[in-house]
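K.L.:
Sharing a structure here in structure tokens format.
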Amino acid sequence: MSLPLPHLIIYLLLLTVATGEILRPRFYSETCPEAESIVRNEMKKAMIREARSVASVMRLQFHDCFVNGCDGSVLLDDTPNMLGEKLSLSNIDSLRSFEVVDDIKEALEKACPATVSCADIVIMASRDAVALTGGPDWEVKLGRKDSLTASQKDSDDIMPSPRANATFLVDLFERFDLSVKDMVALSGSHSIGKGRCFSIMFRLYNQSGSGKPDPALEPVYRKKLNKLCPLGGDENVTGDLDATPRVFDNQYFKDLVSGRGFLNSDQTLYTSRETRGYVKWFSEDQGEFFRAFEEGMVKLGDLQSGRPGEVRVNCRVVNTRHNDVLLRDS
């Protein structure tokens with residue numbers, strides 16, 4: 001029996017968690033002992049320049065790891081022979097702050113040339129984004145290789161839409177061996193950052209084709225969003241994902257309980273019976289949310305494709321192409 005492509009990709013990811021690179025804490029303790037402190041220092045600089053950037057970097061882990069494992073493929077630019085993931089439906093005009101990863105990579109290359117992978121940078125930087133905004137801090141497993149390619153189609157086949165409901169999200173995460181609890185906790189990454197009006201126009205004006213707003217939206221909050229995102233307005237305008245967008249806390253879950261979730265894929269976690277209990281639990285106990293989030297991020301970081309890889313010297317291009325560019329420009 002043959003599997004549909006998205007199911008086959010997920011099956012291979014789960015199969016190779018145990019057979020891919022051997023990941024472990026302090027992987028660079030001998031080859032680049034300052035790696036983790038360099039990453040954190042660069043993240044601090046990015047946060048000073050633009051507070052939102054750290055939230056944007058944190059999102060990269062989810063968008064990278066769900067598509068053929070945590071291999072830095074989301075960072076690759078398109079080439080004449082490859083359509084990468086940056087312009088996929090879930091990423092175009094949405095993923096940002098790639099320049100922060102570039103700055104981190106440049107600092108690491110100065111300290112330890114061709115040693116620390118871009119895939120590991122995403123993992124470390126995502127952890128640091130949480131810690132630097134008041135959330136938990138945890139030990140990350142490292143030792144990933146960078147992919148040699150990227151696929152827009154694979155991203156389109158896997159990544160969920162902001163319109164996704166809880167049932168769809170539960171099913172998607174379970175295919176990656178991530179539990180309902182993991183999914184709800186990881187959705188708490190929306191504790192920091194902003195989202196575009198583009199992602200909520202249907203909620204405000206035509207939920208499920210009804211020509212009406214989402215009834216789950218709290219009326220005062222809906223009016224606020226109507227003002228921010230009017231019909232015919234600029235859909236690239238951004239709004240806060242929760243009431244404390246610069247602080248990683250459990251306010252996100254409190255907002256869902258109150259009907260003030262920004263995205264449909266957020267609010268549906270409270271309107272669905274299957275996930276509501278975890279939303280209420282995390283809204284009442286920040287410590288439990290933090291512990292569940294740490295666990296989910298570690299499990300997410302374990303996803304690997306088992307494909308051949310390298311340590312890129314430039315996170316946007318594979319090494320062979322990077323060398324070709326250098327030769328042409330010399």
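We number each residue from 1, going along the chain as drawn.
Placed from the backbone N, Cα and C atoms, the Cβ positions cover glycine too.
What you are looking at is a predicted structure, and each value in this text was computed from that prediction instead of being measured.
Okay, these came from TrEMBL:
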| type | residues | note |
| --- | --- | --- |
| SIGNAL | 1-20 | signal peptide |
| DOMAIN | 22-319 | domain 'Plant heme peroxidase family profile' |
| DISULFID | C32-C112 | disulfide bond |
| SITE | R59 | site 'Transition state stabilizer' |
| DISULFID | C65-C70 | disulfide bond |
| DISULFID | C118-C315 | disulfide bond |
| BINDING | P160 | substrate binding site |
| DISULFID | C197-C229 | disulfide bond |
K.L.:
Residues with Cβ closer than 8 Å to the Cβ of P160 (substrate binding site), same chain and 6+ apart in sequence?
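P.N.:
In sequence order, S90, F168, L169, L172, S265 meet the Cβ cut-off.
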K.L.:
Determine, to the nearest whole angstrom, how far the Cα atom of C315 (disulfide bond) is from the Cα atom of R59 (site 'Transition state stabilizer').
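P.N.:
Rounded to the nearest whole number, the Cα-Cα distance is 17 Å.
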K.L.:
Far apart in sequence but close in space: which same-chain residues, 6 or more away, have a Cβ under 8 Å from C197 (disulfide bond)?
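P.N.:
Within the chain, C197 (disulfide bond) has Cβ neighbours under 8 Å at L228, C229, G233, D234, E235, N236, V237, T238, G239.
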K.L.:
Spatially, which candidate from the recorded positions C32, R59, C112, C118 is nearest to C70 (disulfide bond), comparing Cα atoms?
P.N.:
C118
K.L.:
For R59 (site 'Transition state stabilizer'), which residues of its chain lie six or more apart in sequence with Cβ-Cβ distance below 8 Å?
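P.N.:
Spatial neighbours, sequence-distant, of R59 (site 'Transition state stabilizer'): L95, S189, G193.
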K.L.:
Give me the Cα-Cα distance between C32 (disulfide bond) and C118 (disulfide bond), rounded to a whole Å.
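P.N.:
Here the two Cα atoms lie 14 Å apart.
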K.L.:
Would you count the other C-beta atoms found within 10 angstroms of the C-beta of C229 (disulfide bond) for me?
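P.N.:
Counting Cβ neighbours of C229 (disulfide bond) within 10 Å gives 22.
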K.L.:
I want to check the contact list for C112 (disulfide bond): same chain, sequence separation of six or more, C-beta distance under 8 angstroms. What comes out?
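P.N.:
Non-local contacts for C112 (disulfide bond): Y28, T31, C32, E34, A35.
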K.L.:
Taking just the CA atoms, what is the gap between C118 (disulfide bond) and C65 (disulfide bond) in Å?
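P.N.:
With distance taken Cα to Cα, C65 (disulfide bond) is 12 Å from C118 (disulfide bond).
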K.L.:
Can you tell me how many other Cβ atoms are located within 10 Å of the Cβ belonging to C32 (disulfide bond)?
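P.N.:
Here the count is 16.
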K.L.:
Who sits close to C65 (disulfide bond): which same-chain residues at least 6 apart have their Cβ under 8 Å from its Cβ?
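P.N.:
Non-local contacts for C65 (disulfide bond): L300, G301, L303.
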K.L.:
Around C118 (disulfide bond), how many other CB atoms lie within 10 A of its CB?
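P.N.:
If we count other Cβ atoms within 10 Å of C118 (disulfide bond), we arrive at 29.
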K.L.:
Taking the disulfide-bonded residues one at a time (C70, C315), which has its Cβ surrounded by the most other Cβ atoms within 10 Å?
P.N.:
C70
